[in-house]
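Asker: Dropping a structure here in structure tokens format, bear with me for questions.
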Amino acid sequence: MAGIGSSLRAANSAAAVPTTAVLAAAGDEVSVAIASLFSSHGEAYQALNKQAAAFQTEFARALGQGGAAYGLAEAVNASPLQVLEEQVLALINAPTNLLLGRPLIGNGTDGAQGTGQNGGGGGILWGNGGNGGSGAPGGAGGAGGAAGLLGAGGVGGAGGVGGGAGGAGGTGGWLWGNGGTGGAGAIGAAGINGGAGGAGGSALLFGSGGAGGMGGSGAAGTTGTAGDPGTATQAGGVGGVGGKGSHGGMGGAGGNGGLVYGAGGAGGSGGVGGAGGTGGVGGTGWDATTAGAAGGHGGNSGSGGDGGNGGMGGAGGRGSTLFGAEGANGNGGAGGAGGNAGAPGDGGTGGAGNATITQGGDGGNGGNPGGVGIGGNGGGAGGPGGTPGTSGAVGTVIPGNGGNGGIGGQGYDAAGDPLAGPATSGGKGGHGGYGGSYGRGGAGGAGGNATTGGNGGEGGFGGSSGAFGGVGGAGGAGGDGAGTGNGGNGGAGGDGSSSGAGPAAVGGAGGAGGGTATGRGGNGGAGGFASSNGAGDAVGGVGGAGGIGAGGGGNGGAGGAAANNGTGNATGGAGADGVTAGLAGNGGKGGDGGGAFVVNALSTAKATGGVAGIGGDGINGGAGGTGGSAFTAGTGAVTPTDGGAGGAGFGGTAGAGGAGGNAQVSNSTSTVAPVGGHGGTGGFGTNGGRGGDGGAASTSGTGSATSGTGGKGGDGTGGIGGSGGNGGTASISNGTSTATATAGDGGAGGKAANGGNGGTGGSATTNGTGHVNPGTGGRGGDGFVGAGGAGGDGGNATITNANSTVSPVGGTGGAGGTGIDNGGVFSARGGTGGTAQTISSSATTTATGGMGGVGGNATNGTGGTGGSGGNGIHNGAGTAIGGIAAVGGTGPGGGGSGGNGGSAANFGTGSAVGGAGAAGTSGGTTGIGGAGGNGGGADVASGPSATGGKG
């Protein structure tokens, strides 16, 4: 400062003479007057200059004294006299604090928090401005204090909670210093927007402008009011609408940079809009208190509120025109999310039945959700380069969040009524209520229990879910019978549905059948159907268990089917096992497995059939359930299940095995190879149970097809063995396929006093150019008192593609079973060979009937007749060949007759050759030999030759 004063004095001295003694331009009065005027101005300037020089000298002296004092303070700070620092600074700053309200050196005081007080000014020579205090609730924050000669402006205080604006940042130093950052706006309140951010402080000569404060976020809307509970005459009330979210505050503008040097401050970001409030819950439906009355319906929920708009970003500050850039413009705030719909009210419970109104009341239906809130708009950018805010998301409806059907009322419980007389049956349970569009189905009510001699009441069926609810209600359990009365049947499960991104669709479980002492147990209810049209899986409901009863076990409930038209899997529900009876009743039938269907042609999901239940044991065994079939219109896997085994029969006929499930692919682009389920085994008993048929396999794609085998017939203790099940059919319909169709073999007959017959082999068909492998007939069962069983016929082999070069051969007949005496016409006869047929135009192909099965041997009498050869049919240029017959069985009382040769027919341009008959079997040393079989006939339409078979 002294150097500056010296330079100014030298300049003033040099200018004193020329400016105080101005010469006149001429000798006239005007020139003299002008020269006198300028000279007087020069003299006045010199007088002022002397006063300024005096002030400068005093100011320099004061600065020197202040610097010396500050140096002393610094020295004290680094010495044991550090405790005197504040006293020294107070001494230094006392004059300026007294005269100007701010220190000479040091930072300004901060404003008190929660008051909105402004920050104090920084030291005149050196010091930052004080920070502004935060605002009172809803009030603005205090401004940051200004700096002195050198220093940064103070930070603006944050706005008070409830939408208070942020305080402005303080101005930077006169010579050098950045402007203070603007305070952040406060979050809003219900109905009050977020506070605006404070503006950034500006720099003066050298320094950058302060950044603008961020705008406050808007407050979330309030939750809608809850609907009133329902009454006996009125459904539950509708929930209130959620409140609208308040808007976000605007970002503060950035401060300007210094005139000589400095960048402008960045504009503050706009505040985020508040989320819309959730809609109010719907009122719950009335729980019926009157006998047999229906429960009340649940109320609809309220709609969600709209989200608030995001705040606009603040503009960036101006930079120095010499050395500085403009501040970045602030980004807009994101819009608030729309509010979710509230939870709809559940339906009320139906009233229980009584002696007058025996059936329980139905459950009430669930309410539906209200609308969803719209997301708020994003705030605009503060200018070019800033990013506008994104719009808020639309609210959602939460699947399964209320709106469930009510539970059905319990049927009249006679057993619990002391006034009920003998043989009073229980009442039927009420049905479950239907779910709202996003709700689950209600459970069916349980059937009532009976008094002695009465039947249990049926369970009510479960209610279906809404289109987005997912889960069907469970069926109600059947009531218990008493004494000789029967148990009540369980109710069927409700259907489950789902769409879009909702949950898995699950059918309701079937209700359990009621039990009883000496009567028959109730049947289990069927599982509910499941249907999905979205991403979720579809799972059929499980069948209900049958009831226990000495007079007969209850049937197991069938599993529910499942269909998926979306992208998820489909799985059929499991069938329940049949229940074993007491010593005087029949076993219950096993429940069928539910089918599975994928119906979306673009789906790659799996279809899996439900597991079949096994039959229960009893005087007569219960049949096993059919395995669940699997179908797809897409390209995913199909997995059917096997049939259930038949139950044992203690004194009568055992239960038949269930058929295997079918496997079907209908998509021509699929490479999946479907495999049918196997038939279940027949049960063991006095008479054996029949084996179940194998499941079919078919495809329209290019994969192979393999059908299931027939189940084995059950063995018997003294009657007839069970027949074997037939093999399933296998077919390929795609004309471009080169894959193989393989059919299942027939099941073997069961052993008994008289053996059971073998099952027929499955047929194999293709419209492509691949091979066909038909099934072999099942072997006849052995007879340990009488005759053995007949062998099953071989399966047919068919080719329907004229371009095929494959020569089909019919399946081989099954062998007859061993018996004591197989001399009857059909006893232990070998099975007939299967027919082979083709329309191939190739002259090198043949169609050859299958070989007959060998007749069964006898341990004491005559052997069984050999099986005939199968027919050969050609519709093209190749040769049709009848199948070779089989020889008869051996026996000490006489050999079996040989089978007849198969016929041959050509309806095209080729030849036909009949099959050879088989020779009769020798009767041994004491028996009579069997007759030889006839040769097969031959017939052509226009071919070169027809040759009959040798007899």
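Every residue, even glycine, has its Cβ placed from backbone N, Cα and C.
Whatever TrEMBL says is automated annotation, not expert-curated.
Okay, these came from TrEMBL:
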DOMAIN    2-77  domain 'PE'
REGION    216-244  region 'Disordered'
COMPBIAS  222-235  compositional bias 'Low complexity'
REGION    292-318  region 'Disordered'
COMPBIAS  293-318  compositional bias 'Gly residues'
REGION    345-398  region 'Disordered'
COMPBIAS  360-389  compositional bias 'Gly residues'
REGION    488-513  region 'Disordered'
REGION    657-733  region 'Disordered'
COMPBIAS  676-695  compositional bias 'Gly residues'
COMPBIAS  696-707  compositional bias 'Low complexity'
COMPBIAS  708-728  compositional bias 'Gly residues'
COMPBIAS  752-762  compositional bias 'Gly residues'
REGION    752-789  region 'Disordered'
COMPBIAS  775-789  compositional bias 'Gly residues'
REGION    826-867  region 'Disordered'
COMPBIAS  835-848  compositional bias 'Low complexity'
COMPBIAS  849-867  compositional bias 'Gly residues'
REGION    895-951  region 'Disordered'
COMPBIAS  911-938  compositional bias 'Gly residues'
Asker: With the compositional bias 'Gly residues' (775-789) as the reference, which stretch in 222-235, 293-318, 360-389, 708-728, 835-848 has the largest tally of C-beta pairs below 8 Å?
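Answerer: Answer is 708-728, with the largest number of Cβ pairs below 8 Å.
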Asker: Using a Cβ-Cβ cut-off of under 8 Å, list the residues of the same chain that are 6+ residues beyond the ends of the compositional bias 'Gly residues' (293-318) and lie near it.
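Answerer: Sequence-remote neighbours of the compositional bias 'Gly residues' (293-318) are 179, 185, 193-194, 196-197, 199-200, 202, 209-210, 212-213, 215-216, 218-219, 221-222, 224-225, 227-228, 230-232, 234-257, 263-287, 326-351, 361-383, 385-386, 389, 392, 395, 402-404, 406-407, 409, 430, 433, 436, 439.
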Asker: What residues elsewhere in the chain lie close to the compositional bias 'Gly residues' (752-762), defined as a C-beta under 8 angstroms and at least 6 residues from its ends?
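Answerer: Answer is 687-688, 690-691, 693-694, 696, 707, 710, 713-730, 743-746, 774-795, 811-812, 814-815, 817-819, 828, 831, 834, 856.
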Asker: In the same chain, who gets a Cβ under 8 Å from the compositional bias 'Gly residues' (849-867) while lying at least 6 residues past its ends?
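Answerer: Answer is 755, 774, 777, 779-780, 787-795, 797, 809-823, 825, 827-836, 881-899, 902-904, 915, 918, 921, 927, 930, 933, 936.
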Asker: Report the mean pLDDT of the predicted model across the domain 'PE' (2-77), rounded to a whole number.
Answerer: 48
Asker: Looking only at the compositional bias 'Gly residues' (676-695), how are its residues distributed among DSSP helix, strand and coil?
Answerer: 0 helix, 3 strand, 17 coil
